[in-house]
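Data first, discussion second: the structure below is written as structure tokens.
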Amino acid sequence: MYKDPCKKCSSEYDYSCYLIDISVFTILMGVALILGAFLSFVPQIIKLCILKKTDGISFQMLYLALYNQWSLLVNFFMSQFPQVMSCNNTFWKCVANIIPQINSVFCFLGFFVPFLQYLYYQKREQGYSAEFKKNVIYSLIFTFYALVTTFGFVFSGFFFSVCDPTFKTFTFIFAFISMCCACVQWIPQIIKTYKMKAVGSFSIFGQCINVPGQVISLITLILSNNGWTTWITNIAQLIMQSVLLVLLLRYQCCEPYKSKNKAEKEKEAEAQISKEIQQEKQPEQCTECAVETVQCQE
């Protein structure tokens, strides 16, 4: 057990006074949120395993998602550090208070696994190309960022905690980084989907689960008494993912229908042109036959 630097509770080893009573409804929503997060990412992972291609998926989106989810995860654990430490005192009440943090772990893994899949299948497709090497360098930069921030928030949490102004400042910085990444995370994917006008290896089914999950996540964060810095990123993600979902559904459902109608119209037009050409040839053939008949009679 570690002492509470803020010494808010009756005992310096007790963190239970940081916990609040969470309603059963909020807990159920949180559990549904975790299950939804798991289900929303599994289809994408499975689709990449089946297709073994990276077409239609933006590496920039996955890379920004890692920074977004990791920074959000660090922000969660820093802003709720005493609640996390209270698991040593009252485990189940602690779990009820940190459901959003548990969900954020699943969200990070949900992007981290496809990120690794992307690098693996890109190497299979392109070999050690310049683009693949560049993406590996980006991956190493993120790994360094994750290691440094992990050491930083654990060390500062044990020795300073939420009552320290500097600790609160760094909590806000991570929330700001997450918010910035969330605001632009889906833009590369939206642009790529719009340019390709196709779904590719991107999973529509997962996105259909993910968008409602963002709504539930937002409600859970607000009801769990989390600060605005922890849930404002969910608002940005909800807007961008909704736009992406509309594009995916359009290119998956509407565009094939339009292409089919266009092909049918082109086929009808070709048939009409062919018919007109045949009609034009018939008088010429009749004229030639008449000339030949006259010549034979002479």
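Placement of Cβ uses the backbone N, Cα and C atoms for every residue, glycine included.
For reference, TrEMBL has these:
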type     : residues : note
TRANSMEM : 20-41    : transmembrane segment
TRANSMEM : 61-78    : transmembrane segment
TRANSMEM : 98-116   : transmembrane segment
TRANSMEM : 136-160  : transmembrane segment
TRANSMEM : 166-187  : transmembrane segment
TRANSMEM : 199-222  : transmembrane segment
TRANSMEM : 228-249  : transmembrane segment
Original post:
Going through 20-41, 98-116, 136-160, 166-187 one by one, which has the most CB pairs that fall under 8 Å from the transmembrane segment (199-222)?
Top reply: 20-41
Original post:
Considering only Cβ pairs under 8 Å, which range in 61-78, 98-116, 136-160 makes the most contacts with the transmembrane segment (20-41)?
Top reply: 98-116
